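Per TrEMBL, these features apply:
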{"type": "TRANSMEM", "residues": "A:12-35", "note": "transmembrane segment"}
{"type": "TRANSMEM", "residues": "A:67-87", "note": "transmembrane segment"}
{"type": "TRANSMEM", "residues": "A:99-124", "note": "transmembrane segment"}
{"type": "TRANSMEM", "residues": "A:136-167", "note": "transmembrane segment"}
{"type": "TRANSMEM", "residues": "A:187-216", "note": "transmembrane segment"}
{"type": "TRANSMEM", "residues": "A:228-257", "note": "transmembrane segment"}
{"type": "TRANSMEM", "residues": "A:269-291", "note": "transmembrane segment"}
């Protein structure tokens, strides 16, 4: 194969990987949001993404509710914000003061419940979300970029910056950080710890929906796409749980390494590659690339 | 030769000099107290000796041996035991098991023998138990032997932590604020125990304490520190009378000088 | 209320304080041993399955319940146990060599991955084990000459000293073999927990920093615990292979890891008995669900079978219920009930109140 064609192919892979990575990154952002506010880990994040995508599909698709895409998506985001918020209010809050491990198991179980709900309503065969930009491609000097990929990349970047700014500059964001570092002390100085937890769960539901819709614009969805959450989790860990830019970076790394490994190595190795990358990062930098863990004070 | 020699010890966390050039030595059989305002670096000195923190420079010698490069889990084997300021007991185990955990350095069986429960394991276990019973008797913990730590009153937990340190069978015991949060009567008990540890068990005691009454009552020598630096060394009365120490506690401008 | 009068330290070292407890265990063992004469083949096979799950659950209990290392990847060790055992037996080794080697292989693999992993705490370890699981799953597919790849492999029939322990041909023998192995492992586990090794596990779980100050090498202890955990689960995997007969990588899915986690959590974290109660629940639930489904179908005409995934759904709801309302699991609930009766009428409501710990992070930013 000529050099130039090879380069084009790799470039093409990279762009696809980048778009994929953005979706991993967005789901990872959802993890990080909750982790940042309550040091809890939501293993149902992938399933929340799945549910968000299906709700958008249920609202927007012809033959379902048939709303306009531009109405269906914000509505789905709002609905998932409500679902995330409710889950925190009704279930997660009960675990306040329990070990971290309890929440891990609880959210794993919740993921199965979400999957069952989606499966019962929309069935288990793949469905396609109808979007205005399906199949539209842009050609840039020999490299073909689908509009869906481009939108995924842009939306993710904007969202990451917005969330980062939220935590760094707004009063609520700072309060959320405080409450994650010492719940009791924050409570005493007047941080509404409970309200903030509910808010972050709502937010991560909304972010998950965005990720879900972006995912659905690029392919069919079924109730098992939530398993992508595991990969997103690897992304969050690579970045260092608790760091928003880290989550995005981790997602992008995984998104890029997958197609490259798939191009040059046997298929099984490609599937393993994100996890191998994660283990390497964990062994060399136990706190992730943007480590935030320090020694316990005694 | 002193039992514990700390020489020009310093540790910096980023730009913060938590401990900055502290030297002192503790003689065998002595009760040595470190005092100072909050954040003076007292507990940090403890954490350096018990190897939880890595010093930026300086050396720590125990019984002539340089322990600065040892791992935290090697310290107990040399005969250095410690308690923690915010009690670090094993909450889901009984008092007896907590004390038995203090015998870890004396275990002679490996895990295969343990799984098979060979006669040697039982023999060892009896020996550990006899030793632990002595500690229980010394600290009058008989009533709590079978109780789990969670749910026990604060004062009792504090005593159990001292017991766990004693179970190691140490030569040097580091007590991190043994009387904080205790009532007047409980503090008196602690004072008697420290006396007994020294007199009957031949232990060397190094403690961090805020209660000047207790410090004056039990300690032979006192080191005052502030902002990670030593201020004064001497008997309790001498240190209390020291101008720099008073300034550090009262926060007068002289402290900065 | 029973008062035990202790005249020797041996009473505390013994597994049971009172002869009655020992008698209860003996009766239970006798009933279990007599089971092949009491029930038909269907239930006997189910009982063997439950015991195998209890064995695998005990493995995970060492890590999660007794050393506080959450693993989401224990299915990997089940798989290593099953494939090692089947592979060695297919290569002509007898069961009595292949089986211990299978446990050893899983245990060594566990200890080796634990050495870097133990530096990770809590959630990071859970994720790392998940990653290891995915890697092992893919390795199984890649190593086709040994594992049979996607097609799968067969666990040969067991025979020892000329006696058949075939899963189908001699089910009673197979059951007794499983029972014997499980009883032996349980005895070893109980011994471990009353020994210095077991105490060092608990110490590491409850406070690493003070474990260190007592001279406990935390890294080595965690690696040992994880290795033992993986080894016992590997033994469970080897038996599971024989129980299923013909299997491929799909037998050891992520759902098996989660089911194992269910066994230890619902059973009661930190109790050996919990692994058994959890195993009974997890192997019994599908039966109960099937019966329920038939009853609902017969009485109301609603066909629940048309809703795929209802089993997992019910498991999940059950799990959520336990986490929220009885985090100490079935065994913890039983202890409360027993205590209530033992000290009747002196029980107070607050006696069993949960202790809350408030989050103080180790993060600085």
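From the backbone N, Cα and C atoms, a Cβ is placed for every residue, glycine too.
All annotation found in TrEMBL is predicted automatically rather than curated by experts.
The structure displayed is predicted, hence computed values, not measured ones.
Taking every recorded stretch in A:12-35, A:67-87, A:136-167, A:228-257, A:269-291 and counting its Cβ pairs under 8 Å to the transmembrane segment (A:187-216), the highest total belongs to A:67-87. Taking pairs at least six residues apart, the transmembrane segment (A:228-257) and the transmembrane segment (A:67-87) share fewer than three Cβ pairs below 8 Å and do not count as touching. Counting only same-chain residues 6+ beyond the ends of the transmembrane segment (A:136-167), those with a CB under 8 A from a CB of the stretch are 8, 11-12, 15-16, 18-19, 22-23, 25-26, 29, 33, 36, 173-174, 176-177, 203, 207, 210, 214, 217-218, 244-245, 248. Through the fold, the transmembrane segment (A:269-291) approaches residues 231, 234-235, 237-243, 245-246, 249-250, 253-254, 257-259, 261-262 of its own chain, all at least 6 residues removed from its boundaries and within a Cβ separation under 8 Å.
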